[in-house]
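Reviewing the structure listed below.
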């Protein structure tokens, strides 16, 4: 049975289609009246109804032919990645190849050159490579029996004539050939242009211009793509240019680490892909750390280790030792029979050639990001291990210069040691210097205002570095060292980036996965090593690096594994062994809701390559056994229409059938609607249609082996996922749902390793929620429009009873009571008296009161449970004065960036990961293991409380924000909300506090008041993290040190936080809707906020009175609660969703009675 109809959802004709057809991967019944067992493409061709699916059907046929052709040429079928590339070529898409070493990039390009009809141009960096490719092409052509004219360009007269006459099918040349012969090349039309090495190609800007002219772009279009400070109109025009059908496909075979010059942007702006290489930060490395007495002992131990490990090692000294020490170390090794080379002995190109030949045991360098042995060495078959003679370090002189990068780095290093206003000043200085990191000291004279500010920053730091107390603070800190050298003082901290890059040379990405490596760090200064570990955890949260001792490692077994991987790498580089591993490498599309989440996930595994597909942005990054492609749907793609049936639901027959269409958004106002014409009347700017996002998702789904839909883990996320599942199913049958409750590498990996089917019960519950909101809301809203003559008024099944609570509470707040605030021995107490006159009398006689303490008892104080959506919204409102709407936006950002678990939850449950991987390490480190007291709090189930995803302190997140590692729209409040969550969670996993409580008794002849207070803490616990009580100061004499009388409401009006608590308590709304309900009441001007309290307006009262008087059944709290309970039952599969819709359908009668329903 179909759950919904989707207008413009048919993949073939763009017409209306039912969900049950899409689930089977079929087009609509108009295109294909009867479901068929044969291929859909063949059936549509037979019926002559093939339309929008034609490019995909044609590609399928071409791919089938190409697979046979490839197998004939190479002796094996193309593997997954090569099939993806082939599909892109046949779909006329240009792209840069993202792939590990040894997956047959050049082989693919050559076979595709032979397969395609039309001319092919292949550009290589050198004539030798062009010649080798030409020879290989001839060999492949012979195997498949293809008679194509292959011309390797040389300046010989006969070859030049052959070129000019067009007597060739495939032309191979160098970068210089293109530069010199563009005027002749422009006369030819190419089907494919293949660039083998984009790095060398980009060195000549003119060549890039020539390339884009060969691809059919005009000079004006190239100029627009290179224009700085583009307007929105420019971007719209570029989008139209990108979508224009082109006859020539460009394949860039190897992407570049650092695109040179602005011409690299031509690829993104005109072709929709980056030429920046996707860098994987995945590593398969055993990390070892060994304490030593000094550098001499490190050297002696390393000799022993190197002799055991053998050839293919890299040895690093930190920058603290300098170049002279590098040569000393090299000579030391040579004396001990180790064939050591130094990076100083050769130019970088020569050094690489020596390493590539394997003519060395170890190469010695400096563990700094600019050292040639730290970056750019990609020799998976040669490099086996790395030895660090001391931890990589950042070294800052205490004698400062005006260098912006130096001052920036030093400020960041010392940030946590500054206090109060100076800490804020230091953060501002870091933010300022961030803009000028490329500015050299000698350039500052050209910018007097900048120089003046940099001098101010230098003076700020110098004053601190002259302060003995501050220097003492540095010495006592756990991760910053003050080191003397040659009569000068240096500030030293660990260099995480250099460690990741240098050790990463031992584990490279090849076909079939990461090669195994070993990294050994010797350290004589425990502080320096701790500093490195801390920064690795901070900067590389996804790496989860854990150092072992050498004694814990089975070295013989590890050496064997390392050597097996090197053998595999050699075979792959020689073209052997690929057939065995090719099927292990898959292509996977992951669809999430937001671009932020897409970027976060892609960033877990390296620096992704960006690609535009229609209006979708796709991030591509290699992940072990697969190429990961991540894209975002930007929330819901479909919504209920308004112009069909009963407000979007066909109700002439039973069961009812909701009708959905793509969401259209006004770019200027962000207003959304499913009807283009409706929005056009209200929108001055461009209207964007989610259909364009769907087209992009469909296209990428078609390319890959499998699709995982990873929308949010709740009913709303399930409905978004279901829509994406339906719309993608005709293009890929292998679609699964991946669910994770925190955006972390571990949770993500587990989700894609344990996918599930879409949960139709959750989908049905969300369908019901949307339809009920529409039926009740629209029906009552239409009636209000007629009654009040205001078309912006609205009513809702939750909104209306909640408005009633606000009105009732406000009326109750007009009644006053007495509140006596007094301090006894400076301890604040509050006495509340209902009778105002009596309260005043007590206040007057307070000086006569007898105050005593009695009845001591030992008690255990327990912490509060961790946050749920309602409690965090209440606290953020009360403590930080943030609106519920603002807090939800911040929570969404924190979740998507991977700092907290899913924030729409009513569960207090803490998982084992939360208890033992997040709480325990932090509590043990800060207070001692005896303070750790694991609690599960809530019952089992999928949902968890809101908690941090790792033991990252708020001050560390502040550091990350300042350093630009973490970015938020409102960083200040994001940090405050994170701090609330962090402290409350950590306290929830700490032991109870044991206290002595006593009754404080205040007595008058006519009145007695008692309250139990804590007078002593016998044993601290959670109170050290998140105190929920104050300790009363016991003295011999108890006296009133302050008193104050106030008339206060008997009950206060609701705040946003207390209203949400009331909604939770009374079972109205859900975690995903609490904030929106409050926001709607404010937006409709039914309530206003005054001093944090919600006050009903006259309009709010009138609307509520009208609705409750005329339609009590549909605005009652009881009905709303019953419907919420019914939806929970639908989620659990205990209730038929149609029964609920049938019950509520009665509301349609109201429209007929009021004659308000206008078709």
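Quick reminder: no glycine exception, Cβ is built from N, Cα and C everywhere.
In sequence order, 712, 713, 714, 741, 742, 895, 943, 944, 946 constitute the residues six or more apart from residue 902 (active site, O-(5'-phospho-DNA)-tyrosine intermediate) in its chain with CB-CB distances below 8 Å. In the three-state DSSP scheme, residue 902 (active site, O-(5'-phospho-DNA)-tyrosine intermediate) is classed as coil. Summarising the annotation, Swiss-Prot assigns active site, O-(5'-phospho-DNA)-tyrosine intermediate to 902 and lists sequence analysis as the type of evidence.
What Swiss-Prot records for 10, 13, 28, 31 is Zn(2+) binding site. In this structure, residue 31 (Zn(2+) binding site) belongs to neither helix nor strand by DSSP; it is coil. Taking all protein chains in view, 23 other C-beta atoms sit within 10 angstroms of the C-beta of residue 31 (Zn(2+) binding site).
Per Swiss-Prot, the feature ATP binding site maps to 82, 99, 100, 101, 102, 103, 104, 105, 106; the stated evidence is sequence analysis. Taking Cβ-Cβ distances under 8 Å and a sequence gap of 6 or more within the same chain, the neighbours of residue 106 (ATP binding site) are 133, 136, 196, 253.
Annotation comment: Swiss-Prot describes 593, 712 as Mg(2+) binding site. Secondary structure at residue 712 (Mg(2+) binding site), taken from DSSP and collapsed to helix, strand or coil, is coil.
If you average pLDDT over the domain 'Helicase ATP-binding' (86-275) in this model, you get 90. For 86-275, the entry in Swiss-Prot reads domain 'Helicase ATP-binding', with the evidence type sequence analysis.
The domain 'Toprim' annotation in Swiss-Prot covers 587-743 and rests on sequence analysis.
The domain 'Topo IA-type catalytic' annotation in Swiss-Prot covers 759-1152.
Among the features that Swiss-Prot reports, region 'Topoisomerase I' is placed at 583-1159, with the record citing sequence analysis.
Residues annotated as motif 'DEAD box' in Swiss-Prot, with sequence analysis given as evidence: 196-199.
Look at Swiss-Prot and you will find 1-40 tagged as zinc finger.
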Tally every other Cβ atom lying within 10 Å of the Cβ atom of residue 593 (Mg(2+) binding site).
24
Rounded to a whole number, how many Å is the Cα of residue 82 (ATP binding site) away from the Cα of residue 31 (Zn(2+) binding site)?
32
Determine, using Cα-Cα distances only, which of these binding-site residues is closest to residue 104 (ATP binding site): 10, 13, 28, 31, 593.
593
How far is it from residue 10 (Zn(2+) binding site) to residue 593 (Mg(2+) binding site), counting Cα to Cα, in Å?
22
Give me the DSSP three-state residue breakdown of the zinc finger (1-40), ordered helix, strand, coil.
6 helix, 4 strand, 30 coil
Using the centroid of the Cβ atoms of 10, 13, 28, 31 as reference, list every other same-chain residue with Cβ within 8 Å of it (recorded Zn(2+) site), in sequence order.
11, 12, 14, 15, 17, 27, 29, 30, 32, 49, 51
Can you give me the Cα-Cα distance between residue 31 (Zn(2+) binding site) and residue 593 (Mg(2+) binding site) in Å, rounded to a whole number?
31
Have a look around residue 82 (ATP binding site) and count the other CB atoms within 10 A of its CB, chains all included.
24
Nonlocal neighbours by CB distance (under 8 Å) for residue 28 (Zn(2+) binding site), same chain, sequence gap 6 or more:
10, 12, 13, 15, 16, 17, 18, 21
Summarise the motif 'DEAD box' (196-199) by DSSP state, stating how many residues are helix, strand and coil.
2 helix, 0 strand, 2 coil
